[in-house]
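Student: Provided herewith is a single structure, encoded as C-alpha cells, for subsequent inquiry.
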Amino acid sequence: MAAEEGVVIACHNKDEFDAQMTKAKEAGKVVIIDFTASWCGPCRFIAPVFAEYAKKFPGAVFLKVDVDELKEVAEKYNVEAMPTFLFIKDGAEADKVVGARKDDLQNTIVKHVGATAASASA
C-alpha cells in the first residue's frame, strides 16, 4: 500500500509519523514535513499553499506535524520556529525552509523532487 499521493497527511502520534517516514524511505520518496501550530498565524496562511504543492508534486510525501501534539518529533529535528518545512531524503535531513515563504518553499521542492509540475506554478 503506497502513501497517499497529492494530499497532506496529518500525523497525530509518533507511531503514525514513524510509519509514514518508513513507508516513504522504502519507496525512495522525499518527505516534506510541515511543522505547524494551531496558534501560528503564518502557519494558517501557508497551509493551503502546502496542500496545493502536495497536489502539484505527487512524487513526494507531504506530512503535517503539530509541534504541540508531537513535541518529541519537533525536538528530534530541532524545530524552533513555525512554520518549518523539513526535507527528508533517504531518512536524513536534506534541507529546511523556515517561515511562510511560498517561493522559497516551492523552489526547495523543485530542487529535491524535480520540476514535475513547476510549470503550472503561480
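Cβ from N, Cα, C; glycine included.
Found this in Swiss-Prot, in case it helps:
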ACT_SITE  Cys40  active site, nucleophile
ACT_SITE  Cys43  active site, nucleophile
DISULFID  Cys40-Cys43  disulfide bond
DOMAIN    2-118  domain 'Thioredoxin'
SITE      Asp34  site 'Deprotonates C-terminal active site Cys'
SITE      Gly41  site 'Contributes to redox potential value'
SITE      Pro42  site 'Contributes to redox potential value'
Student: Considering Cα atoms only, can you say which of Cys40, Gly41, Pro42, Cys43 is the nearest neighbour of Asp34 (site 'Deprotonates C-terminal active site Cys') among these recorded positions?
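Tutor: Nearest in space to Asp34 (site 'Deprotonates C-terminal active site Cys'), counting only the recorded positions, is Cys43.
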Student: Where does Pro42 (site 'Contributes to redox potential value') sit by DSSP, helix, strand or coil?
Tutor: helix
Student: Please report the DSSP secondary structure of Asp34 (site 'Deprotonates C-terminal active site Cys'), reduced to three states.
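Tutor: Where Asp34 (site 'Deprotonates C-terminal active site Cys') sits, the three-state DSSP reduction gives strand.
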Student: Could you give me three numbers for the domain 'Thioredoxin' (2-118), the DSSP helix, strand and coil residue counts?
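Tutor: Helix, strand and coil residues of the domain 'Thioredoxin' (2-118) number 49 helix, 31 strand, 37 coil.
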Student: Quick one, of the recorded sites Gly41, Pro42, which Cβ has the fewest other Cβ within 10 Å?
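Tutor: Least crowded of the recorded sites Gly41, Pro42, by Cβ count within 10 Å, is Gly41.
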Student: Between 0 and 100, where does the mean pLDDT of the domain 'Thioredoxin' (2-118) sit?
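Tutor: That region's mean pLDDT is 93.
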Student: In sequence order, what residues of the same chain, 6+ apart, have a Cβ less than 8 Å from the Cβ of Cys40 (active site, nucleophile)?
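Tutor: Spatial neighbours, sequence-distant, of Cys40 (active site, nucleophile): Met82, Pro83.
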